[in-house]
């Protein structure tokens, strides 16, 4: 398509802005990631003396790095509107988030909207595709204890065993409380056709805006992290609040992400900011763990399928009306605009660049001493 004279200045500005944002992203990575790794190395004695405090400090630094990523979208005008139940009320309890997956921007949106949820990000574990291990953020996720899962039938059984072992070795020992899972096992555009064929073959609902979830990782997480009472019933609370005295995983948060006109953001857009300001909509529903049927695989499969059938209805309503439907007993749904503190983001960036400068001088000093 030819560019008119009227459009040329606008396109030129978009290109210049994208290059400036790319330079900021590179600078953030050059300064932030090595600094994080070096701080973790220096703090290893504390890990031996007081493991809980070590992982808390590591988690705070991890949250700051997540905040840097969130800032790239925030400064480009990519914001988040939250709908449904208020998950702040259970931020101190243990919970699992079940999230639909459309594009890489889903992760960025969660990174933004969880910034104001207390210690959630500090104590969170992510399950993500193994390809993310080889990105710039991979080393940080490895240290933090996130799990990289390899997709495909040939790897499935082995990956589930590795996930169970990873949870047993890292979840409690690192004081994790929240875990994020994308049960569909891939992006919507890649899995939709396969999912619809499976649904037709097994007489399941035909879904367009989501795909049928895979049960394997969900089953492993629940069987490993849900505490059992003496009678075998899962321990879970009825009250959504910090006063809950139950141990183990207590809540499942059904999280539905929607984009205007069903056009998801990807990580490239989040970084370069060449798309016009966009609001990502995130809807929450909270289920106590005692309401999740854990006794049989069929019961859990049916429960999980039902959640994604309901996601389909939620998204269909959103794409028709521009809003999620109201909860039962309410006439209209209320949205909450999620905001980030510009001062906090500025201070995080200052810390990042000052840390990078400090570590550069420390390394340079020792280099000259040795050589």
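Glycine is treated like the rest: Cβ placed from N, Cα and C.
Checking TrEMBL for transmembrane segment across the ranges 20-42, 89-111 points to 20-42. Feature annotation (TrEMBL): of 112-130, 131-149, the stretch labelled transmembrane segment is 131-149. Across all of the domain 'Phospholipid/glycerol acyltransferase' (95-219), the predicted model scores a mean pLDDT of 91.
Taking DSSP states H, G and I as helix and E and B as strand, the domain 'Phospholipid/glycerol acyltransferase' (95-219) has 57 helix, 18 strand, 50 coil.
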